[in-house]
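According to Swiss-Prot, the features are:
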- 42-62: transmembrane segment (TRANSMEM)
- 66-86: transmembrane segment (TRANSMEM)
- 103-123: transmembrane segment (TRANSMEM)
- 131-151: transmembrane segment (TRANSMEM)
- 178-198: transmembrane segment (TRANSMEM)
C-alpha cells in the first residue's frame, strides 16, 4: 500500500513541482481571460482556491457513502454549491469585480483542476489531507495567475491593482503601454514562456519525445 502523502507535500508540491497550469496544462481558459489585471486575477485565484479546498474536504468526508455510478454527479453538485456561494458573495460585496469576471466564476464548476482533484485525490484520501491538497493546487493555480496578471497589467497599462506605476505618455510620462499584453492571446505566449522557464529550471519536468527520427543512412549502406 502506498504511503499517504503528507500535508506539506500536497500543500507545496503543486506550486513548483506539479503546477496545475505549468505542468499539467489545466485551467488555461480562465488564465487567459482574467489576468489582464491583478484585481481580477487575485479574486479568481482566491475563489478557485477556496472552492477546490472545500470541495475536496466535503467530497472526502462522504467518499465512502458515494455510489461509484453517480460519484461525478455528487462531485458536481458539491462544487456547484460552493461556486454559487462564492458568486453570491462577490455580487454582494464586490459587484464591479463580479461583473469583470463575468461567467468565469461560474465556470469554476467545470474547471479541470477542481474536478480532477476531487476525482483523483479526495475520493481516495482522508478529509484533512484532501483539504490541503485542494488548497495547494489552488495556490499553484494562483501563483501562475498572479504572475500573468502582474506582467500583463504592468507592461500593458503601466499599473498594478489599478495604481499607476509606470508613468504613461498619455499622462505626460515616458512609458508607452503595450496594448497587446491586454489581449487574451498574449497570455498564451506568456504561459508558454513560463512553462519553458520552469522546465529549464527543473529538468525532470521535461517530457520524453513522443517519437525519435530514424538515423539517416546512405544509399550504399541501405544496399
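Cβ coordinates are placed from backbone N, Cα and C, and glycine is handled just like the others.
Counted over residue pairs separated by six or more positions, the transmembrane segment (103-123) shares at least 3 Cβ pairs under 8 angstroms with the transmembrane segment (42-62), which defines the two as touching.
Packing against the transmembrane segment (178-198) from elsewhere in the chain are residues 16, 19, 21-23, 28, 31-33, 35-36, 144, 147-148, 151-152, 155-157, 205: each is 6 or more residues past its ends and has a CB under 8 Å from a CB in it.
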